[in-house]
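Q: Feature list, courtesy of TrEMBL:
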type     : residues : note
DOMAIN   : 600-666  : domain 'CBS'
DOMAIN   : 697-755  : domain 'CBS'
TRANSMEM : 68-92    : transmembrane segment
TRANSMEM : 153-175  : transmembrane segment
TRANSMEM : 195-215  : transmembrane segment
TRANSMEM : 227-243  : transmembrane segment
TRANSMEM : 255-279  : transmembrane segment
TRANSMEM : 328-350  : transmembrane segment
TRANSMEM : 370-387  : transmembrane segment
TRANSMEM : 441-461  : transmembrane segment
TRANSMEM : 468-487  : transmembrane segment
TRANSMEM : 515-540  : transmembrane segment
């Protein structure tokens, strides 16, 4: 046996692992974090700081700084997210107008700013001023006629193509992760998955720049979803400055949840809606502390955006409206119809878009992302220009559709036939018969609606930043405005019908078409994303109409019911499944009566489970096992005969521990025995130094028995965010269930191909 002197001499070396070494506790790319371990590490850190804070004033100040660091991070996220949103809004405003013309006094002015500064602008012709020139006026000095129209048309298409080409090239070359809306990936990251670089500095920079380009190009997409991604990039950047968050992936995800709330806050000017969106739609783990911090981040972001005032109307969004007329019970029927339309549109969009994206993944189409973007942009620009409702930016379109027709409105939608004897106050105009302009606007809107529905299916998911909120709202707002005008004209011409008799007398202002547009927008957005509570709050924060909560709720709930009847998952969950991310949705129900033993590996006929023994394997044995397998970790047992479970060791930490021991500890060679016990095993006198690896052993791995129902196992995986779970019987190890096994089993139970879960 080895003599005492040799053992005591190496005692301090063998315990070198009791000091933490670099990279331990970190994760590899495309792996899931261990929520339980992250939580216990944070508790240990907190306990250490609390005990130290009693030692000296300096330590007490450090503990205070640590406690405040969370609020500081939120403040910084809010400031940066608000500033970026303001800059994006201003840049989009200018570049959208650049497609139609240029300001002579200062080329960086948008059309509106240019005419503000001009002294020769009149109220009637507020869109026309000598300082703003269309491209035809500037190039060939003609403002009317066929040649001027064709030249403006060509310039519009060329600018759109230039913006789109720049955007897709920047994404492709510098930040491939900057494409799409980003919300499916953020949901996956918040559930504990690691996608390195997805929230990096390059992604932040490129996404911000390309977002301006794609929105200005006139493509059927919005900036709201990508703004959530941008805000989360800000959150990731600031959390990396504080060790409390940079060294703990669980804590970092609390910051990202709050950043998502700040993103929606600046996207819609809806701070409370942002917090609810983060809670309802994107977050996986949302403790009460995160709720307060999200609230603070959303508040700071909204305040910052309000200070920049990008739209010049002292509002946070372009389409802020105020209505003055109440709604009536009889109107609930058309509101519910709009909800049904929203649900049907949501189903159509999700099925069409997923089919197209799958085709993109599986055919040659996916190899030519630049060409695809150019073709879609060209088609969009060519079809959009002739129709005034698709030519302008989608936000402006929604703004016009939401607007109530006042006495000063110059829009075609407000071209009603006025009664010459009318002597009413300006803000309460009675219902009037529709004029020529309204009928023209109706068929133009119908064409625009069909075009928007089709083109959005092909646009969302291309290799450029693309949000879905604004196109969905535009589809709903167009349908809603048309229904609203229909109801209004019906009420005007048939006010003696029993439906209208009680509340719509001649000469009264009873129907507000803008309200129908707002309800339609909410219904369509709900049909696509399946949001309910946060959607209604966002909509009434957008419009300032508290009294319209009931119509919005009716439409949102109806659209969710109708859409759920055709398929439970919203667009973001559908994209998560399409990309094969290991995401266990909290909303999914598992009702099958299978047991843990049916799902665990190894199955019958498969080779036995790869395990480590507590004190009989050499360093070489372990290195060979690691090389020959690609498992993320190995159960540790007493011996191969007894199979009694001791704990679980992560693959990455074993590799790092062995590498570190070889560098820092003398006498560690390939045939050194590795042991996970407190005391070293008894070894022959001439054997090399053993290697103690108790430090990397998780002594409390999560275990279930082989007869645990899978319903319980799925619940445990969801609520505790586990990576794997060991299956035992009377303390003996039988097998292992990983998160991927659970997902495959759920797919199999839903009659899907379990191998279709690709985990790209």
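From the backbone N, Cα and C atoms, a Cβ is placed for every residue, glycine too.
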Q: Who are the long-range neighbours of the transmembrane segment (227-243) in its own chain, taking Cβ under 8 Å and residues 6 or more past its ends?
A: 69, 72-73, 76-77, 80-81, 84-85, 88, 181-183, 185-186, 189, 199-201, 203-204, 207-208, 211, 251-252, 255-256, 258-260, 262-264, 266-267, 282, 301, 465, 467
Q: Just to be sure I understand, if DSSP states are collapsed into helix, strand and coil, how many residues of the domain 'CBS' (600-666) fall in each?
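A: Helix (H, G, I), strand (E, B), coil: 24 helix, 17 strand, 26 coil.
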Q: Mean pLDDT, the domain 'CBS' (697-755)?
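A: Summing pLDDT over the domain 'CBS' (697-755) and dividing by its length gives 89.
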Q: For the transmembrane segment (195-215) and the transmembrane segment (468-487), check the count of CB pairs under 8 Å (sequence separation 6 or more) and say whether it reaches 3 or more.
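A: Result for the transmembrane segment (195-215) with the transmembrane segment (468-487) is no.
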Q: I need to check the long-range neighbours of the transmembrane segment (468-487): which residues 6 or more away from its ends have a CB within less than 8 Å of a CB in the stretch?
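A: Same-chain contacts beyond the ends: 181, 220-225, 267-268, 331, 334, 337-338, 341-342, 345-346, 349, 389, 394-395, 397-398, 401-402, 413, 434, 438, 442, 445-446, 448-449, 452-453, 456, 459-460, 511-525, 527-529, 571.
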Q: Against which stretches of its own chain does the transmembrane segment (68-92) lie, if we need a Cβ under 8 Å and a gap of at least six residues from its ends?
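A: Non-local partners: 208, 211-212, 215-216, 223, 227, 230-231, 234-235, 238-239, 241-242, 244-245, 255, 258-259, 262-263, 265-267, 289, 293, 296-305, 307-311, 393.
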Q: Tally of helix, strand and coil residues over the domain 'CBS' (697-755) according to DSSP?
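A: Final tally across the stretch: 24 helix, 19 strand, 16 coil.
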